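J.: Could you have a look at this structure, given as structure tokens, before my questions?
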Amino acid sequence: MFGEGSRDNVALSKEGLFDKLEIGIASDITIRDKWSCGEIKKPETINYRTFKPEKGGLFCEKIFGPTKDWECCCGKYKKIKHKGIVCDRCGVEVTLSKVRRERMAHIELAVLIVHIWFFKTTPSRIGNVLGMTASDLERIIYYEEYVVIDPGKTDLNKKQLLNDAQYREVIEKWGKDSFVAKMGGEAIYDLLKSEDLQSLLKELKDRLRKTKSQQARMKLAKRLKIIEGFVSSSNHAEWMVLKSVPVVPPDLRPLVPLDGGRFATSDLNDLYRRVINRNNRLKAILRLKTPEVIVRNEKRMLQEAVDALFDNGRHGHPVMGAGNRPLKSLSEMLKGKNGRFRQNLLGKRVDYSGRSVIIVGPELKFNQCGLPKEMALELFEPFIIKRLKDQGSVYTIRSAKKMIQRGAPEVWDVLEEIIKGHPVLLNRAPTLHRLGIQAFEPVLIEGKAIRVHPLVCAAFNADFDGDQMAVHVPLSIEAQLEAKVLMMAPDNIFLPSSGKPVATPSKDMTLGIYYLMADPTYFPEDHGGKIKIFKDVTEVLRALYSGGFLDEHTDGRRDETGRGIHIHEKIKVRIDGQVIETTPGRVLFNRIVPKELGFQNYSMPSKRISELILQCYKKVGLEATVRFLDDLKDLGFIQATKAAISMGLKDVKIPEIKSEILKEAYDKVAIVKKQYDDGIITDGERHSKTISIWTEVSELLSDALYVEISKQTKSKHNPLFLMIDSGARGNKSQLKQLGALRGLMAKPNGAIIESPITSNFREGLTVLEYSISSHGARKGLADTALKTADSGYLTRRLVDVAQDVIITEKDCGTLNHIEITAIRQGSEELLPLKDRIYGRTVSEDIYQPGDKSKLLAENGDVITSAQAELIDDAGIESIKIRSTLTCESRRGVCAKCYGLNLANGRLIGLGEAVGIIAAQSIGEPGTQLTMRTFHLGGIAATSSTPEIVTNCDGILVYIDLRVVVGQDGNHLVLNKKGAIHVVRDEGRSLEEYKKLLSTKSIESLETYPVELGVKILVGDGEKVTAGQRIAEVELHNIPIICDKPGFVKYEDLVEGISTEKVANKNTGLVELIVKQHRGELHPQIAIYSDPGLTELVGTYAIPSGAIVSVEENQKVDPGMLLARLPRGAIKTKDITGGLPRVAELVEARKPEDAADIAKIDGVVDFKGIQKNKRILVVRDEITGMEEEHLIPLTKHLIVQRGDHVMKGQQLTDGLVVPHEILEICGVRELQKYLVNEVQEVYRLQGVDINDKHVEIIVRQMLQKVRITDPGDTTLLFGEEVNKKEFYEENKRTEEEGGKPAQAVPVLLGITKASLGTESFISAASFQDTTRVLTDAACSSKTDYLLGFKENVIMGHMIPGGTGFDTHKRIKQYLEKEQEELVFDFVSESECAC
């Protein structure tokens, strides 16, 4: 293959770089005349005594150039003065030895050889061109059968295969010269050469037009695409067969002599030697007129040797080297993590870098890091040498180096001078997001460890337990400038993923600040005194320090002068003309708070500190915020030291009610066990109920313990409470294990062990309890190791799919939008609207509801936090915003559709790599979460809410609910989709409320989605009050409820076939269970109005696994339970389930046991059973149109006969297939579904990611369309093309008066989308390297080097950040006009790399 950079009509930059790269198949002339510097005839490498290359061998100096600079092989010519002379004795050109890295050679083959990539890589290119199967080709290429090339006078067909016997038979019958049949590479070459591709293309297009079968059309379209590639490019099909093999330059496959006469060599040399040996042997036996059988065998062996060289192991067994290890062929050199692309081109080792252990540097400023002197000396050596020479201290580099080694005093002075204003980059692996590399001003320190500012640890995810960091020195002025302007730690205090501060105090700092700001615990009135009043802050501080610093430990005693005040004493102080009741601690804290934020007079847990930092940035800007952060750090550490908080065993209180609650729980469990023994419930239900009881106990004791330790004694805080409440360390779950009970444990498979650990760590665990708990704890550790790799791979795929999404323009001018609402679960608002719309561009004018004169946001505005608050307060439910999903930029996305850059709160700049930021934002928490599972030590985290309690007064309204009144007078829900709303009591009728709710004319105060089997305790339209129980949820079973009175008749409940009677092991009671069966049976319970069973009033399908609760002929009333389907055993939910779910969504995989969804709006009906599947029909009542669904009997239906369903609504349990949503509901619904589902996984873990990042990934998954009708365009049926390409081709066709193509959108998984990228270099470096390169070469693809990866690989500057086109043009212009202005401009640039 060849690649060439086109320089035609291209304005080259001063480096002379090319702007595009083309790949194609190399012809024999190219290999011989353009690439090769000579033919290799011998397999020898180097002489074992002299270590000099053998002449004509694989390392020949005559062909590849000299091994020593400016010296020929025989030594006749030495030194540079003979440059360019070719030695007349040895034939070696006198030049630099580095030409041995560039010069290639070739091996002249004795017989034509087929290139394995074009024949064996699927789809087989040769097979497609010739219209032959891969197995037929294999038999021809490996000399097993002949193929007819020209039938001549015979009755044979062209391309017919003949074995030896048939071949001899034809010769006997027709004579040797009457036809042409060959085998091996020669046969393939002749066939390819004789193929008229132009007429073949025409023929295929005709066939494609006439064929009606979808499968045949797809097959033809694939072949057509390959043929079209050859026709439209300069490639010839016969070039896929080789006449000569190119040989890689010798310095790229080195041979190094080791001690003891052995050699270390590249595997390629062994593979080349095999080819040369077999080739020479074949040449020799061809000269000797050897029997055909031997020649054929030798030819096959040569073909196999060349196959092994190109792709070892692709055909047959791989060739083994020493130690029975497969040799690495040319393909392996490119593939995988250690291949050329990923090892040498995308990731390079860096000079001017160091690495050391990190320790905390609390004395540092935010923009500083402590650099060990010895390390700095080594890193900045060239700079020191230059400065020493400039000063005249030394005159040569050697003497300067000696001076540095001696450690002369002037060297240290020079070093101090040099590092002023020269930033260094610190990096901690793994670099999961862009905050993993930041720039700092170095400060020289003694010792050997790097010192790091405590506040940047969160960004690096670093701690001081032996972590190491790497230091890199930016060398060029541009690099230093970018580091200073864009990468300094103070510029990176917010997370690009959510806009939340990342540089927030933690651990001791939080504790110190929280302690200082704690609520008053010393009240003078309790000690017979009065509240002290101070005229200003200075007086408070004087009293605080002059009278001795009093706190918990001094027990509130005064010194002799009586002047001391307690740090948590209740005092009054005049601030800005107002008398405020506060504590001296809070006064002390407010000294460092910027005036604009006002007086902070409340406790300060970590969450509130974070909010304060954000507020500070918005009000006073970055510089003041960084100063504030540094002050926070200092104050936090000082106060934590002074507070001297420590934890004693007695601080862990055990709730007094523990024994009582445990006794109750054991009684409840005993009742459940008895129910099971009596056969009322199944074993599964017993397990579920037991777990629910213990979960409730766990939560109850946890809350009781928290209340207990939070009770403040007169002048004492519980240190444990301080640590947890401040957010410094620990959480409620850990506290529960210390003082209440460890609770339920999980087995390694995620199932919960029924018997909980009722002891806590203060009491100590029994041996049995300890062994149970070690189960789950070990799972956590094992998961961490395994899942980190998965998460890293997910991040890599995300980066690959989104890497070329760059901000390319300010505004694309689109009118498209998406609609956004707050995210709710029941009545609880999980994510308010203001958080979702902040930083997004609105695509319509937004007015105050009911007041058109008050404009809240104008079309095209980027919503600020103040506007977001206003919109949310106005009670607006949904808003139309612009999104990257609807952006119409030709390449990348526009700034308006993206919105604010969350890392700095400004509109995103041109050239910003938003795709990579999105991938990092989604990938980084994945890794964090996988690492976080074990902190709970396998605690079972189950969710159970057995009742619904309303939080407000109002009227209860049922919407979309089918209910039946049960025997107890309560309402039982019969359908899956519906909700109960609580609305404000405005004295309207129930019908009015329902109508207003359905048209969204009024807002409900609370909404609770309810499902099948929920018992509603309040009637439709009745009044409710806050705190009232309004519904009960059945957690353990999915009930099947009767809604009409009558008599039971079993239908298709045939014992032994569709049902079985199972005797309970413990009770001996017999239960009727519906089982999975293969017969044409439809198990259901029919209800008849009379005992004679003549008039049918209703039927109820019973899914397999359900337990029938009624007898045949039994009289039933509405609300009675007919059968129950036990829910699966509860498993713990952690990101272990979450990460694969994210991967499943972004890879667009079909979920296991997927749900069926309705294809049209209509009413549900059943039509019996067919082949173990239930036939469910959705009928449109207006048009009468029907859609049939075949649903396996094992699946649980969540709709019933007569239910109204909407298009896209689930009919059965399970996860929805995203491709079906696309097909049925369209692109918008799919986008919404994917974004919400991905967010759901992260939200469960408490991880905040902005929607815009997920939207970018989803955008990349929907970049392609599939052609359904090519019209008059050049597109092919079934071809998947980029939307941009599709629209451009249609536009061109319409302009020419042709018929445009029709297409449907396609959802691709991120791996497939990455491989389908326009850049073949980027795709090849990701996965499937050989297939991607073969594909690109066959159709002579051109890579225009528009993305990041391809530019990194080619060694160009990336087209993003300061390398973005617009910025580069300005820079070049400035260089011409006024060179000194370049740097001013770049520093003002708002772009970020």
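Backbone N, Cα and C define each Cβ position, glycine as well.
Quick paste from Swiss-Prot:
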- Cys72, Cys74, Cys87, Cys90: Zn(2+) 1 binding site (BINDING)
- Asp463, Asp465, Asp467: Mg(2+) binding site (BINDING)
- Cys812, Cys887, Cys894, Cys897: Zn(2+) 2 binding site (BINDING)
J.: Neighbour count, 10 Å Cβ-Cβ cut-off, for Cys894 (Zn(2+) 2 binding site): what number do you get?
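T.: Around Cys894 (Zn(2+) 2 binding site), other Cβ atoms within 10 Å: 22.
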J.: Among Cys72, Cys87, all listed as binding-site residues, which has the most CB atoms within 10 Å of its CB?
T.: Cys72
J.: Tell me which of the binding-site residues Asp463, Asp465, Asp467, Cys894, Cys897 ends up closest to Cys87 (Zn(2+) 1 binding site) in space, Cα to Cα.
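T.: For Cys87 (Zn(2+) 1 binding site), the closest Cα among Asp463, Asp465, Asp467, Cys894, Cys897 is found at Asp467.
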J.: Quick one: pull the CA-CA distance for Cys887 (Zn(2+) 2 binding site) versus Asp463 (Mg(2+) binding site), whole Å only.
T.: 41
J.: Can you list the residues of the same chain, besides Cys72, Cys74, Cys87, Cys90, whose Cβ falls within 8 Å of the Zn(2+) 1 site's Cβ centroid?
T.: Glu61, Cys73, Gly75, Lys76, Tyr77, Asp88, Arg89, Gly91, Val92
J.: Could you check what DSSP calls Cys897 (Zn(2+) 2 binding site) once collapsed to helix, strand or coil?
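T.: Cys897 (Zn(2+) 2 binding site) sits in a helix per DSSP.
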J.: Is Cys72 (Zn(2+) 1 binding site) helix, strand or coil when read with DSSP?
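T.: DSSP assigns Cys72 (Zn(2+) 1 binding site) to coil.
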J.: To test your reading of the Mg(2+) site: which residues beyond Asp463, Asp465, Asp467, same chain only, put their Cβ within 8 Å of the Cβ centroid of those residues?
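T.: Counting only non-site residues, the set is Ile358, Ala462, Phe464, Gly466.
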J.: For Cys90 (Zn(2+) 1 binding site), what is the tally of other C-beta atoms lying within 10 angstroms of its C-beta?
T.: 16
J.: Between Cys812 (Zn(2+) 2 binding site) and Cys74 (Zn(2+) 1 binding site), how far is it from one CA atom to the other, in Å?
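T.: It is 68 Å, counting Cα to Cα.
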J.: Look at each of the binding-site residues, Asp465, Asp467, and point out the one with the fewest other Cβ atoms around it within 10 Å.
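T.: So among Asp465, Asp467, the binding-site residues given, the one with the fewest Cβ atoms within 10 Å is Asp465.
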J.: Show, in sequence order, which residues other than Cys812, Cys887, Cys894, Cys897 on the same chain lie with their Cβ within 8 Å of the centre of the Cβ atoms of the Zn(2+) 2 site.
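T.: Counting only non-site residues, the set is Glu809, Asp811, Thr814, Arg882, Thr884, Thr886, Glu888, Ser889, Val893, Ala895, Lys896, Tyr898.
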J.: How many Å separate the Cα atoms of Cys90 (Zn(2+) 1 binding site) and Asp467 (Mg(2+) binding site)?
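T.: On Cα coordinates alone, these residues lie 57 Å apart.
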J.: Including all protein chains displayed, how many Cβ atoms other than that of Cys897 (Zn(2+) 2 binding site) lie within 10 Å of its Cβ?
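T.: Cys897 (Zn(2+) 2 binding site): 29 neighbouring Cβ atoms within 10 Å.
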J.: Express the distance between the Cα positions of Asp465 (Mg(2+) binding site) and Cys897 (Zn(2+) 2 binding site) as a whole number of Å.
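T.: Roughly 44 Å, rounded to the nearest whole number.
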J.: In whole Å, how far is Cys897 (Zn(2+) 2 binding site) from Cys72 (Zn(2+) 1 binding site) when you measure between their Cα atoms?
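T.: Their Cα atoms are separated by 64 Å.
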J.: Of all the binding-site residues given, Cys74, Cys812, Cys887, which has the fewest Cβ neighbours within 10 Å once its own Cβ is left out?
T.: Cys74
J.: I need the nearest neighbour of Cys74 (Zn(2+) 1 binding site) among the binding-site residues Asp463, Asp467, Cys894, Cys897, using C-alpha distances.
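T.: When the Cα distances are compared, Asp467 comes out closest.
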J.: Below 8 Å Cβ to Cβ and six or more residues apart, same chain only. Which residues does that give for Asp463 (Mg(2+) binding site)?
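T.: For Asp463 (Mg(2+) binding site), the qualifying residues are Cys457.
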J.: Express the distance between the Cα positions of Cys897 (Zn(2+) 2 binding site) and Asp467 (Mg(2+) binding site) as a whole number of Å.
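T.: About 40 Å separate the Cα atoms of these two residues.
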